[in-house]
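Engineer: What TrEMBL records for this protein is below:
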type     : residues                               : note
DOMAIN   : A:13-265                               : domain 'Glycoside hydrolase family 65 N-terminal'
DOMAIN   : A:322-689                              : domain 'Glycoside hydrolase family 65 central catalytic'
BINDING  : A:Trp357, A:Asp358, A:Lys601, A:Gln602 : substrate binding site
ACT_SITE : A:Glu488                               : active site, proton donor
DOMAIN   : A:698-756                              : domain 'Glycoside hydrolase family 65 C-terminal'
2 protein chains.
Amino acid sequence: MKKYLQIHEWKIIEEGFNADNHELSESIFSLGNGRMGQRANFEETYTGKTLQGNYVAGVYYPDKTRVGWWKNGYPEYFAKVLNAAEWAGIEIKLEDEILDLDKCEVSAFSRELNMQQGYLERSFQAKTASGKEVKVKTTRFCSLVDDECGAVRYAITPLNFSGEISLTPFINGDVKNQDSNYDEKFWDETGHGFYKNGSFVEMKTKKTEFVVCTGMQFSLSLDNQAIEFESTQIEREKFTGIQIKTPVKEASTLTLYKYAANLSSLNHPKEELQKLTAETLERVSQKGFEQMLKEQAAAWAEKWQMNDIQIEGDAAAQQAIRFNIFQLEQTYTGKDARLNIGPKGFTGEKYGGSTYWDTEAYCIPFYLATAGQEVARNLLVYRYDQLQKAIENAAKLGFKDGAALYPMVTMNGEECHNEWEITFEEIHRNGAIAYAVFNYINYTGDEAYLASHGLEVLIGIARFWAQRVNWSEVRQQYVMLGVTGPNEYENNINNNWYTNTIAAWCLKYAVEAIEIVKKLNPERLEEILSKIKFSQKEETALFNKIADQLYFPFDEKHQVFMQQDNYLDKEQILVKDLPEGERPINQKWSWDRILRSCYIKQADVLQGIYFFQDKYDLETIRRNFDFYEARTVHESSLSPCVHAILAAKLGDEARAYEFYLRTARLDLDNYNNDTCDGCHITSMAGTWMAVVEGFGGMRVKNGQLNFNPFLPEKWQSFSFHINFRNALLDIKVSAGKVQISNKSNNQIKVFVYGHEQNILAMQQVIVSKP
Amino acid sequence: MKKYLQIHEWKIIEEGFNADNHELSESIFSLGNGRMGQRANFEETYTGKTLQGNYVAGVYYPDKTRVGWWKNGYPEYFAKVLNAAEWAGIEIKLEDEILDLDKCEVSAFSRELNMQQGYLERSFQAKTASGKEVKVKTTRFCSLVDDECGAVRYAITPLNFSGEISLTPFINGDVKNQDSNYDEKFWDETGHGFYKNGSFVEMKTKKTEFVVCTGMQFSLSLDNQAIEFESTQIEREKFTGIQIKTPVKEASTLTLYKYAANLSSLNHPKEELQKLTAETLERVSQKGFEQMLKEQAAAWAEKWQMNDIQIEGDAAAQQAIRFNIFQLEQTYTGKDARLNIGPKGFTGEKYGGSTYWDTEAYCIPFYLATAGQEVARNLLVYRYDQLQKAIENAAKLGFKDGAALYPMVTMNGEECHNEWEITFEEIHRNGAIAYAVFNYINYTGDEAYLASHGLEVLIGIARFWAQRVNWSEVRQQYVMLGVTGPNEYENNINNNWYTNTIAAWCLKYAVEAIEIVKKLNPERLEEILSKIKFSQKEETALFNKIADQLYFPFDEKHQVFMQQDNYLDKEQILVKDLPEGERPINQKWSWDRILRSCYIKQADVLQGIYFFQDKYDLETIRRNFDFYEARTVHESSLSPCVHAILAAKLGDEARAYEFYLRTARLDLDNYNNDTCDGCHITSMAGTWMAVVEGFGGMRVKNGQLNFNPFLPEKWQSFSFHINFRNALLDIKVSAGKVQISNKSNNQIKVFVYGHEQNILAMQQVIVSKP
């Protein structure tokens, strides 16, 4: 936990330079546009502790697996997002001294992330060892409009001397992934060169042979007058830079505009990359920095119109929710079904930067409500496109006949992870992927998706579950042995209630989806079933039989679902009775002790209840909530949001708010002391869910929106926007009332506190809290 | 499975050279004397596939742990036996051609391990690329008498030319562990130098700073006449050699005698190592090769008198059992309580060459019966000396107040292993260590050992169990959650019957041991209890209470002990119904599939029944045997011996013999296709147990020997020697009768087929099978 940032509704502000916070700030002030992103590294040289990070979406490298002890079935590679060429760097020399904040006296330092307009600004004064003082102000962004481009404006003013200032903007491809397993570099150079006022480095990834050309072009002005200059080219392998030396008078300001482009073979023919990079750079530098920045602000304004949450009366909460939304939008824009949402986005390398079940369980609701439906759909198509790999993945583990097990971690559909208790056993991920199909159709009504893509995925997953269970002679029921649930503080357990629940649901939903497609498009159904050799009668009968005869652990005494077999054999010391000094247990306890304890890392039974809440009456939910919340340590960032939503549903407003607080400022306040590795991007979506589904009480039932909001005590009001089936709604919750504005040209019926409201196009209704 | 060795009662013989078998032969023909050992690498250059291996007992290096994913509690280092300086090497040049069997036409190749006299012999003819033909005969051994020394006699005869032959005997310390985690070398040179006809290399291990000085001295003869020679010194870092060029006439034989010494700082002051090495070399070379070899044969003859097993009518079985005994004796002589028995001995590096519970569970019975009691005692003292480390190890996992958890794998008492399901959970090892104390005292009657050492160990272990269980409210019994039993094909299970059984026994035995020491030596008891702050009344009451109220899974329907909770939820397809093509499952199946199956890697419930067989009636044993044997795949080399002994006890002679066969020729026939990594040293002791406890039916009850032998059908007779409480017995089992000869001066009472026999000193009795 570290609080050093200023509270501001639209900005993240760091004032004063503290090198100890630098890596943390590099994460928090990260920039991205869905296509590329970077940590907030300084433009100028910095020899202090830093994690240099530039990433290009979709470009990965299969790093050779590192294990202690090999287990049959482990994947040979872990596909990682690549630390790519550094494009924002500018080496600064004041006469013969390199400007390096690690070696200077720094004052008036300020760093601001402007979330409203989407740029990063930094200013400082620095005094070098020899006594030279300069003032610097730098602004940069990753352009949403020109999404292969970024730009930097770097203004430097000598304060106590006149002399030569040397600027060397460069492209540096000689970078390494921090998480490289064997300390290897993953790129080979394929070319480098120079333009009139620019240069490029083109590199190819080893093995995967992605090619990325990173170029820059720049111009210079002195006191706002463009100037001509002489320059020296600097080149070595994977590096090009251009040094410009300019005499600058005291108090004059030298400004460098640096335009950068990152073009990848994912989007362009390899042989044209160098030419296209040059053209792109020419185009954006013609457009100019100020125009680009203006367009950036406009593009962000448009996004905020769709996704902003406004909170009155709590600036810290306001800042936090916007930060979460901002980072989600920087990470994934939904334009490209080959991309997904890494748990660290473009803010770090941990977890390989790859796709997890977080996307389906936590992120999809956010994108469904705040973006066009093609965005969530693209996330589904991503999995559809990887179905064959999921089938191969299952086959490696001994499954057959088209059973699909989606990987725990992936870039390209192949499994990357290699802890047996996760890789092979945390199979509930398969359920979340099926659930996302349901969730998407439930929200959008787009049943045609089942016919075009969804059904094949659902059947592959259902086939997996049907093979993964076995018949227990002693119970005379199907059981599911050897799994790890969402609560990763239990490994290799039997009959995890959540996993069994979602498995049974998947089996039933696959059968139901067949019926839906049969109605919508019987020819397409025939085509699919014949393609995947689905024997409709036998297989659907089997799916139904297993779902009906699956065993679900339940405790009669407490009248709660049991997280797994024999859970109550554990010593039941509640979290409230666990000494504060023992927490977080994942730092204080050995792994075996954690496993033997009753403590729950993240919502497990409650995750299932959240997904299928209409199946359970309030009393059931309350009993389970009270039982499991008392045992949950929330040591996953994905946990509190589910508890917040359920607490809200149970009317426990104070606790709902408390859980919300645990997620909202997780990164801004470095709650888990690990944000220096990158922000917790996917759990940010959980924060949005806590507001909209928790405080807003939003649900979609039978194709209709329901709201059941309450106002957290500390707030004066909160409001959010919802894009639902061609309607755009603004919902504002204030003391005792809810105001809903229909911003679209379509009327819509919604339920507020259980009562139907018919809201005409462009109309506003106000409903009082009953 | 690979059968290429000749059958011979006293020798292992390989005829004809096949490079594909070379690494396998390097393991099988390994030499050792308990203090040092080596794989059967060729003396001359060999550029084909080889695993060079020379090892010095007790000298280890803590290699930095390699993991895929770190878990709290993992040790930072894995202490490994070190690949040490190569001392047997001699580079041979025929004029300008290096003799290298990989580049020659090889004929008349033969390699023989003479187990009776303890040496390795090799002869061959080789034709070089240029057509030169030579005949070579080489003999070498690790001396039992001078146990820091080895010697080589290398005789070479040009067959079709006269010319210069160059011999370069050398010491090469520039070696690397094959299993180095980060490809590092573990030795630094501390010195090298030359003697008149010899040289040395002295090296220090990194971190642990063991110093080992390895030297050689040599002489030369031509046609059995010692000759003088000129020589050239060759030196580089970690390498010294001396080149001698001699003109040799066709059909003359040039013979090099090379004496080597390995002196370590474990046994000598560091600063004297170089001097002592020179002195040792001087002494043994004065003694001379032939005299050393004669002493070697005598020393082995003495060993064989104690430990030989003779089998008439089955030469393959005869060879196999002697090979197993020979390798055990080469690995551990019991002189030094700082040493132990690595699972690969001096024959390879796998498993770090470290101490496992194999020692207590499998090796101690062998050494108890075939060596003086100080040998087994030294193995116990080894653990006693590491008790503090075991307490620290437990503390790292959250245990307290002197609870001791012995490591899964160790060199110096610190845990090395890092798979959570093994390291933290395979805690039954603690039980085997306590059981070995019982076993030793049961065999020797040496109760004083409890007072001097044993009790402290037993209490440390009992304290661990007392903390490791927890009270289950639902069962109203103690339970033991999250363990891995001997059957490593189940991980993180609850209430493993074997673990619970041995834990309860440990608790009771600790209490009993306190009573024994109280009787023997009440002052010593006070001293111990006060030293370890043992509160006699409370802690013994707790130990008793837990042992009495511990839960043991049992299945009413089958009337068998249940290996663990919910084992019968698994699909029960018996091993006989598992298609041959699916086996071994550890090569054919993914890890999760293995875990979910009912298949048992090695004796688990049956291991417990074996340990405590007097507690169970024959019908109970039979039911459990039939149930578990049908589910056991014996994919651990430690498994079949236990099944063999129990089958024998149940009178199932055919099956007992079948299980015996699975262990006896495991390495000689490369049964598991992994002997190229080294021999399965510790499981060799299981083979001995299968003969003596299985076929011989030997047990010690109430301080008395019992025999209940049967003769396997294929055999004419078998006999073995037993050293028991000052009596030396030869037992010979032949058709219908048992002949027992008391070779000592003390009379002894034994039970044969349940009937008491009083055997006077030097007397022989013959008992007919009833």
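We count from 1, first residue shown onward.
From the backbone N, Cα and C atoms, a Cβ is placed for every residue, glycine too.
All TrEMBL annotations are machine predictions without curation.
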Engineer: Are there residues of the same chain, six or more positions away from A:Lys601 (substrate binding site), whose CB falls under 8 angstroms from its CB, and which are they?
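Structural biologist: In sequence order, the residues whose Cβ lies under 8 Å from that of A:Lys601 (substrate binding site) (at least 6 apart) are A:Asn487, A:Glu488, A:Tyr489, A:Asn586, A:Thr632, A:Val633, A:His634, A:Glu635, A:Ser636, A:Ser639.
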Engineer: Going by DSSP assignments with H, G and I as helix and E and B as strand, what are the residue counts for the domain 'Glycoside hydrolase family 65 C-terminal' (A:698-756)?
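Structural biologist: When I sort the residues of the domain 'Glycoside hydrolase family 65 C-terminal' (A:698-756) into the three classes, I find 0 helix, 36 strand, 23 coil.
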Engineer: State the mean pLDDT for the domain 'Glycoside hydrolase family 65 N-terminal' (A:13-265).
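Structural biologist: It averages 96.
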Engineer: Here are the recorded positions: A:Asp358, A:Glu488. Which has the lowest count of other Cβ atoms within 10 Å?
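Structural biologist: Checked A:Asp358, A:Glu488; of these recorded positions, fewest Cβ neighbours within 10 Å: A:Glu488.
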Engineer: Relative to the mean position of the Cβ atoms of A:Trp357, A:Asp358, A:Lys601, A:Gln602, the recorded substrate site, which additional same-chain residues have Cβ within 8 Å?
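Structural biologist: Close Cβ neighbours, site residues excluded: A:Tyr356, A:Ala361, A:Pro486, A:Glu488, A:Ser636, A:Leu638, A:Ser639.
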Engineer: Counting every protein chain present, what is the number of Cβ atoms, excluding its own, within 10 Å of the Cβ of A:Trp357 (substrate binding site)?
Structural biologist: 23
Engineer: How many Å separate the two farthest-apart Cα atoms among the substrate-binding residues A:Trp357, A:Asp358, A:Lys601, A:Gln602?
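Structural biologist: That value is 16 Å for the farthest Cα pair.
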Engineer: So how many other Cβ atoms are close to A:Gln602 (substrate binding site), meaning within 10 Å of its Cβ?
Structural biologist: 24
Engineer: When DSSP states are folded down to helix, strand and coil, where does A:Trp357 (substrate binding site) land?
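Structural biologist: A:Trp357 (substrate binding site) sits in coil per DSSP, no helix or strand.
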